[in-house]
Amino acid sequence: MELNIVGADGPMEPVRRPERVSRGGASSSAAGPTSRADMRREQARVAQLRGKDGPKVTRRTIFPVDMLRESEGVSQKAQKRQGRQSHETVFTAVKVNELNAHRYLQVGLTNLGVEKLTSIQHRSFETVLAEDNVVIHSQTGSGKTLAFLVPSVERLLRTQMFKEGKVNRASGTLLLIMAPTRELCLQIAQVADELTKRMPYLVVTALPGGEDRARQKARLRKGCAIVVGTPGRVRDHMRTTACWDISKCQSVVFDESDRLLDMGFAPQLGEIIASVHQRSERGMGMSHVLATATYQGKVARFFSSFADRAVVVTATKAEAKAAATKADGEPEVTGEDDEIMQQSK
């Protein structure tokens, strides 16, 4: 085949295009109308070989948007299932300034962007203040961090030592919070620091794994009222940091306690709680709080190992019934409804 190309200086010499050769050796022009059929057959043969000997290319790999749509569909189904199981109304009508808490805590909540309390935050506030052993059982994303943090700090502010103005950095650690991961540990410490920003006598520090022990030890020596740590690192300091004063510790909190146990931290947690009971003036009479998204038998058994009696706070009646069936023993229902239960050992 010849191509006539016209350039800027007029017609150029004809250029002959090389003719394609079909599988039989004849040129494609000679093959006539059957060349397209041969090409389709060849493509089908190659596709069949790839299907047997190589990776199969599907539309999903070519168009990732299909995978995105499918994942969104799965996510929506999971959310619907979770909604059917929980039926939790996240926010209540209770505003921050209506909470019976110290005004500095109200300012801290406002600085954190909190306007109204969630259901679990509202229902756990008075319970954590009144009871020594509390389980906060609510779904993920319901605000459990502030649900235990706000009443735990408020409980400190209502102690006699605070009323007499005897709290300073030399008082040592008053609130110990355990978290399963380094990221969650730092997140809780950041929230606690913002919450207590107007209380300079409540110094917050984090003891996550992967950080220099000497620097952590120096902070503990100076005195930190609120300590947030991971089990392994807290146990190490319990064993080796003699300058860490926990003699006046008032409360111990286990955040994401179900994850703590799933990750195999039960031995470390047992050693930590035994050491705190031994070294603290309050002993086993101190406050213990567990925050968990799933209240299963192992969480109840772990809590009963150091607490004779626990109050389970839930955000919904469905969660209250689930906690009652999963807990060891038969919990006694107290209060106006069945959303706050007492469990006897």
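Quick reminder: no glycine exception, Cβ is built from N, Cα and C everywhere.
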Among the residue ranges 1-43, 44-86, I'd like the one that TrEMBL describes as region 'Disordered'.
1-43
Matching 121-145, 321-345 to TrEMBL annotations, region 'Disordered' lands on 321-345
